[in-house]
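What follows is a single structure, written as structure tokens, with notes after it.
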Amino acid sequence: MAELLTSAQMRAVEQAAIASGSSSGLTLMERAGRAVVDAVFTEWPDLAEGRHRAVVLCGPGNNGGDGFVIARRLAVRGWQVELFLLGDPDKLPPDARRMHDLWAAMGPVRGLAPESAGAGARPDLLVDALFGTGLSRPIPEAAVGAFRAVRERKAGGLRTSPCRVVAVDSPSGLDCDSGEMLLPALPQTAGRAGDVQSVAPAARMSPDVPLPISADLTVTFHKPKLGHYLGHPPMPSGKLAVADIGLADWDRPETLASQPPSAERVRLVGRIQHGAPMPGRMWPGPLLNVPGPGLHKYARGHALVLAGGPGRGGAARLAARAALRVGAGLVTVACPPEAQAENAARLDAIMLRPLADAEALAEMLTDRRLSAVCLGPGLGVGAATAALVAAACASAPRAPAPRAVVLDADALTSFADDPDALFADLHARCVLTPHEGEFARLFPDLAAPARRARGQSKVEACRAAAARAGCTVLLKGPDTVIASPGGAASIHAALYDRAAPWLGTAGAGDVLAGMIAGLLASPQAFASPHPHVEVAAWLHVEAARTFGPGLIAEDLPETLPRVFRDLGL
Ligand SMILES: NC(=O)C1=CN([C@@H]2O[C@H](COP(=O)(O)OP(=O)(O)OC[C@H]3O[C@@H](n4cnc5c(N)ncnc54)[C@H](OP(=O)(O)O)[C@@H]3O)[C@@H](O)[C@H]2O)[C@@H](O)CC1
Ligand SMILES: Nc1ncnc2c1ncn2[C@@H]1O[C@H](COP(=O)(O)OP(=O)(O)O)[C@@H](O)[C@H]1O
Ligand SMILES: [K+]
């Protein structure tokens with residue numbers, strides 16, 4: 001599984017390599033610049049042939065240093081290169097200063113200002129080397145203005161080719177830890193000139209909020225950073241390429257030993273395919289709930305899904321169908337007696353039982369074979385649901401292994417007035433699956449606006465929530481974050497080549513809750529739900545991508561068999 005790094009972790013790896021004497025900062029910078037040029041030619045082969053025009057925007061740190069390397073390497077190939085520097089060359093850090101001097105022997109270094117950057121014919125390539133992992137605050141207005149001015153240049157002569165934008169490490173303004181764009185408020189966007197605004201991922205969802213800085217291609221070094229995967233489309237990074245600059249030997253657990261525990265690495269959920277496929281053994285094979293030869297249905301577990309009153313059972317039926325399709329050997333829907341006729345008419349392979357109240361649930365859960373419970377979808381908000389949650393969680397210790405409990409939707413919202421009461425019920429085999437709204441009801445101090453104000457990322461917020469709740473938390477979105485007590489954290493990004501916008505459809509979340517319950521129902525499931533929750537998030541998006549446009553929630557469980565076949569199972 002791939003890993004994502006924070007800016008501080010990346011710096012620690014770089015420092016370890018330099019301290020070892022195996023690489024100098026200058027060598028790394030040269031490799032970084034060369035990697036960007038190579039990636040540009042791979043992405044746009046037409047630029048690899050002939051001579052073209054580039055504008056390189058360099059910032060005051062080492063990201064700017066990479067820009068000088070790129071300018072030099074393009075000029076050596078006969079390109080016509082214009083370079084603009086933000087700030088004073090004498091204040092550049094030593095490696096960047098050295099690269100500045102090498103470039104200065106080949107071409108001019110001009111001061112960065114929108115007026116000068118806007119003059120001239122449209123280049124074939126704009127290199128954004130203004131800010132990378134060292135960004136610490138909203139970028140200067142002049143930087144945004146200059147970037148825009150270059151993009152708005154008119155084509156010279158008969159040229160009609162577009163201006164492609166490559167970002168070095170990150171599009172400037174992107175906070176590599178949180179995924180937010182730290183930009184000044186420009187007259188076009190809002191506020192008084194000089195005010196700052198952070199264009200947060202949620203705000204970026206709106207097509208009305210243009211991205212003043214974005215790239216067609218971003219080339220990052222060694223490993224992607226969290227910020228590349230946190231956010232909503234349109235992603236400012238465009239397409240993401242990761243370049244090897246020879247740091248792998250220095251990326252060891254002890255390199256990060258000096259970092260705070262919260263700096264534990266973040267996993268990027270996804271498949272890495274190499275060599276001949278061994279479907280049963282490769283991820284996600286061992287984490288699935290698949291039938292073994294000669295095993296009966298109980299060996300795959302029995303999931304119980306609680307449903308709401310008459311006319312409100314659809315969400316639970318979706319969850320139940322997903323639990324069954326994902327692998328639970330048996331699934332039972334339990335609903336209020338008055339909703340039994342409705343559910344009976346809609347369920348076949350899924351069993352049905354009446355359930356009057358929390359007391360009846362506690363009694364039902366004395367059946368130790370019920371290995372997972374899913375509740376919340378369509379259940380209704382209020383004290384009755386809160387009591388069901390308490391009964392579901394309290395029953396866990398009596399089962400042979402702690403019973404998995406998946407809490408979604410109304411099971412979460414029922415505790416909006418007293419989240420601590422919920423946390424008191426939870427145990428380590430519980431999973432909470434809130435969307436941002438539900439998350440805000442339980443963890444107001446960690447909700448999107450609060451964490452943005454503090455500069456805290458969705459990963460940090462989800463980690464803090466998991467620690468407080470004492471169980472695994474999956475915080476939904478195109479950038480789904482999963483965190484567990486102890487600091488384990490993962491991002492499942494339905495972004496870039498895994499985009500699945502069709503998942504934004506009613507009931508998709510109910511299906512996800514059911515998938516998690518169906519995987520955790522397996523008596524072979526690990527004690528920690530975390531790895532199974534990762535798999536559920538992946539299967540959910542994989543099913544959406546396999547089905548494609550036109551998807552509705554009902555299609556997700558029905559597409560799972562195809563996903564499993566494609567996995568080679
Ligand atoms: N790590 C590695 O292994 C490798 C890293 N490499 C490259 O180095 C990059 C990181 O370099 P970096 O640390 O110098 O930071 P960078 O992004 O250039 O910006 C920091 C500079 O900007 C300033 N500054 C910050 N915010 C500001 C603002 N809003 N407005 C104005 N100024 C602001 C800040 O100064 P401050 O005022 O905060 O002291 C500082 O001067 C990385 O992204 C990659 O491209 C590769 O060469 C090789 C391998
Ligand atoms: N644009 C998107 N790209 C990828 N996944 C998305 C997108 N929009 C929503 N999702 C996913 O769809 C699901 C929606 O869940 P939720 O908000 O609970 O909806 P519902 O309550 O209707 O089931 C979540 O898993 C979320 O991550
Ligand atoms: K950059």
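Placed from the backbone N, Cα and C atoms, the Cβ positions cover glycine too.
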Of the candidates GLY507, GLY509, GLY514, GLY518, the one that TrEMBL places in the AMP site of LYS476, GLY477, PRO478, ASP479, THR480: GLY509
Residue in SER7, SER172, SER178 which TrEMBL records at the K(+) site where ASN63, ASP128 also bind: SER172
8 Å Cβ shell about ASN63, ASP128, SER172 centroid, K(+) site members excluded: LEU57, GLY59, GLY64, GLY67, ALA129, LEU130, PHE131, GLY132, ALA167, VAL168, ASP169, SER170, PRO171
Densest Cβ neighbourhood among ASN62, ASN63, THR133, SER172, THR480 (binding-site residues), 10 Å radius: SER172
Candidates near ligand 3 among the binding-site residues ASN62, GLY65, THR133, ASP479, GLY509, judged by a Cβ under 6 angstroms: none
Cα-nearest neighbour of THR133 ((6S)-NADPHX binding site) within the listed binding-site residues, SER172, GLY477, PRO478, THR480, GLY509: SER172
Integer average pLDDT (0 to 100) for the domain 'YjeF N-terminal' (10-253): 91
Binding-site residues (GLY65, GLY477), the one with most neighbouring Cβ atoms at 10 Å: GLY65
Residues close to AMP site centre defined by LYS476, GLY477, PRO478, ASP479, THR480, GLY509, Cβ within 8 Å: HIS435, LEU475, VAL481, HIS492, ALA494
Subset of binding-site residues (ASN62, ASN63, ASP128, SER136, SER172, HIS435) lying within 10 A of GLY477 (AMP binding site), CA to CA, in sequence order: HIS435
